[in-house]
Amino acid sequence: MLGKLVKKVVGSRNDRIIKRKRRLVKKINQLEPTIAALSDEALGRKTLEFRERLSNGETIDDLLVEAFAVVREASRRVLNMRHFDVQLIGAMVLNDGKIAEMKTGEGKTLVATLAAYLNALPGKGCHVVTVNDYLARRDAEWMGKLYGFLGLSTGVIVSNLDQEQRRRAYACDITYGTNNEFGFDYLRDNMAFTLDQRVQRDPFFAIVDEVDSILIDEARTPLIISGPTEDRSDLYHKVNALIPHLTRQEKEGGPGDYWVDEKARQVYLTESGHETIERLMVEQGLIGSDESLYDAVNIRLMHYINAALKAHALFQRDVDYIVRDGQVIIVDEFTGRAMPGRRWSEGLHQAVEAKENVPVHNENQTLASITFQNYFRLYEKLAGMTGTADTEAAEFHQIYGLEVVMIPPNRPMIRNDMGDLVYLTAREKFAAIVEDIKYCVEHGKPVLVGTTSIENSELLSGILRQAGVPHQVLNAKHHEQEAHIIAQAGRPGAVTIATNMAGRGTDIVLGGSLEEDLAHADPAMAEQVKAEWQQRHDAAVAAGGLHVIGSERHESRRIDNQLRGRSGRQGDPGSSRFYLSLEDPLMRIFASDRVAVLMQRLGMKEGESIEHPWVTRAIENAQRKVEARNFDIRKQLLEYDNVANDQRKVIYHMRTELMRADDISRTIEDIRHDVLGRMFAEHVPPHSLEEQWDVQGLQEVIEREIGLSLPIQRWLDDEPDLHEETLLERIIQEADAAYAAKVEAIGTQVMRHFEKSVMLQVLDNAWKEHLASMDHLRQGIHLRGYAQKDPKQEYKREAFEMFTGMLDSIKQEVVGIVSRVQVHSEEEVQEMEEQGRQPQEMQFQHAEVSALTLEEPPAAPPEESEGYAIPEGPRPFVRSGEKIGRNDPCPCGSGKKYKQCHGRLA
């Protein structure tokens, strides 16, 4: 009560921020006549003047008022678009490193130009991040004219650019590109072998468009660069053939071989399922007749079974993926776009390929990985724009330290958001949607229908075709035409069906796109085209504007709001309504019981709908539950990735320092001394008697590891007073002398090149193996909870031990190679480098997260061998240890049954 009163008197924090910004807007408006009086040349020279002032000690904020006035005037002259006052406020919020929430149609693309120009002045580069290549190209081309007029260069980063094109784009003052391309370029740069192979500069300032889509929706899915491992495609086909013999358990605890947990998106084998699958695998010769699936040696077979079960039970064709040209292509659940080249991890993609009977491609090994949370936190300053961020304001603040500021619209919103209509079945719901569409078409009202999957969009399209209603379909299968379809979706009576609208980036203008009409028309007919467009625009406005129909609720309220936000732009009239049924996934999983009881009480008949605040509240509560769960997943992923992130920073820093250095001989010397010190300590324990020394073992390990034969025993026999410190010093001196002789024989320059090449290759190989080990550790770490230990703390502890172990192994391997390998010329070193840097077929994954363990998935399961050898056919797995029954006590000592403890790892 008191809080409301205070807010009423002094305003909310958002109100106070906007109020402060309006004072700056006033100053910019006062400058407008002065700036408008400048010639084009004088206006363009302002950039040089601003840069000079920065070098003389002024700050970006000191220049803000004048710089914004200059950009506004340049935009008026070049683009014929003048920034509104609220757009200036939005850009100020971006410059502060905050998120500006601006409704659809408020001109976010133009807002970005102000903050991008101002932050590009220091010459460190400014990145504008969009959600797809089309928008990156469009915005770079469109706004590049404005930046060029002011003397700034513009680049664009999209897929299929070569290294030199990327380097040129990143060298520009302002670079447009997609979040995935920026992230993958960062990872690729940290896999480069020389500094001149890198393309990015140090991250300085980024403006993220559709920030909620990129930093929240896609934050559950890490970016992974991976390469192929052993070919096991035959196993996927064999296991896939077993799945149709299993029956699904209709309700938990009932008969059936597997249970599907739709909330967690997981599939579990039941008791009878284990027995059935074991019997089938014995018949197929995949395991021996006396083998159990839970024998330690067979546990990795569960990887293939789980992947095949998920592929059949959880992943549907035309919903989660499409099949095109013999390939399984993932469909992005947030945007409805097809994503060629992307692959699921954990063997899931291979299982889906086997299910669809298309060629199965190899599994992958992680070469480099980062989450969007950790990538975007590398920037000195980060800002974002979106139409819907307020529902996730707490998460933005908690994870990224970003505050959300709601920018008032230029014109008041007059859209009519009607209540949800709930039907008993999907059939009744679609019938009602078709009636609503027909009514709108008859009255000349444009309609946009949002669906959550390609399957539903095609189902609705089929119903409309039967009803004789002309319409356009916009989904992942037709995205080449999507910009054109959306541009014309505002014509009177136009019907457009679209999968999830997040990130489409093209405004729906009532009457259709005038720019597109003019682009395709004869210039002599321009006036007639404008008159026809005005007529269509007025007709669409008179009919009530764009009507948005939601065919079901998304699991996030924010994405529902994005769909609604397509209507009512810049004060236009509009309306929206969601049609739901008890068969919709969200209703079925989270809200059906309460709503079904309510419907029974009201005695609803077929074809009738219910519209009630209780229903809307029940649905919103269901969405909040899902949002909270997804937030937990993202938070958990970040906590686990932070451990890897600290290690990633160390390794990437080491690589950069290595590439920068011309001479690493001092580093090699320090490593050699460290390795010899460790060998010595293992065989000559500190403060021990000479009788306890393993001199023979020490001589052997030094000869084996660094190729140096030393008469240590003879030294001790000849010099009885030789104590351990002096002995270690002598060993190090001998090793240094032998290495110096080798350098002299080969040549200093050749040896320096050789040392650097070896160090980089060993570091990279060790890091790849370490990433795989971290993946495997993360997969099973949740089992520590059974032993009353905190999995996160255990993960941190073990990951640290693994990392220090990796660094020690790197040192030992480097010393061994540079000491033992014989090189004779620079050509030999270069040949060795080329062999180590064979171009590998890389895959760029935006992998889905495992909902069960709330972690980043591994790129591949642990394999027993490397390479590309194809097995000769079915071969039984041979048990090496004692058989553990599923109901026997677990060998770990927890007291639980094996199936309930470490047996669950499978």
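Indices start at 1 and increase along the chain as displayed.
Backbone N, Cα and C define each Cβ position, glycine as well.
Residue density at Gln87 (ATP binding site): 27 other Cβ atoms are found within 10 A of its Cβ, drawing on all protein chains shown. The ATP binding site annotation in Swiss-Prot covers Gln87, Gly105, Glu106, Gly107, Lys108, Thr109, Asp507, and the record cites sequence analysis as its basis.
The Zn(2+) binding site feature in Swiss-Prot is assigned to Cys890, Cys892, Cys901, His902; the stated evidence is sequence analysis.
Sequence-distant contacts of the compositional bias 'Basic and acidic residues' (553-563) (same chain, six or more residues past either end, CB-CB distance under 8 Å): 104, 212, 216-217, 334, 387-389, 391-392, 420, 448, 450, 452, 500-502, 576, 578, 580, 584, 586-587, 619-620, 623-624, 626-627, 630. Residues or ranges marked as compositional bias 'Basic and acidic residues' by Swiss-Prot: 553-563.
Under the heading compositional bias 'Basic residues', Swiss-Prot lists 896-906.
Taking H, G and I as helix, E and B as strand and the rest as coil, DSSP gives the region 'Disordered' (553-576) the counts 11 helix, 3 strand, 10 coil. According to Swiss-Prot, the feature region 'Disordered' maps to 553-576 (among others).
Here Swiss-Prot flags 854-906 (among others) as region 'Disordered'.
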Students should find that the Cβ of Gly107 (ATP binding site) has, within 10 Å, a number of other Cβ atoms equal to 19
Not counting Gln87, Gly105, Glu106, Gly107, Lys108, Thr109, Asp507, residues with a CB within 8 A of the CB centroid of the ATP site are Met102, Thr104, Leu110, Val111
Cβ proximity for Thr109 (ATP binding site), under 8 A, sequence spacing 6+, ordered by residue number, returns Asp139, Trp142, Met143, Asp209
Across all protein chains shown, the binding-site residues Glu106, Asp507 give the max Cβ-within-10 Å count at Glu106
Around the Cβ of Gly105 (ATP binding site), other Cβ atoms found within 10 Å total 21
Long-range Cβ list for Lys108 (ATP binding site), cut-off under 8 Å, min separation 6+ in sequence, same chain only, gives Gly90, Ala100, Met102, Asp209, Met385, Thr386, Gly387
Expressed in angstrom and rounded to a whole number, the ATP site built from Gln87, Gly105, Glu106, Gly107, Lys108, Thr109, Asp507 spans a maximum Cα-Cα distance of 17
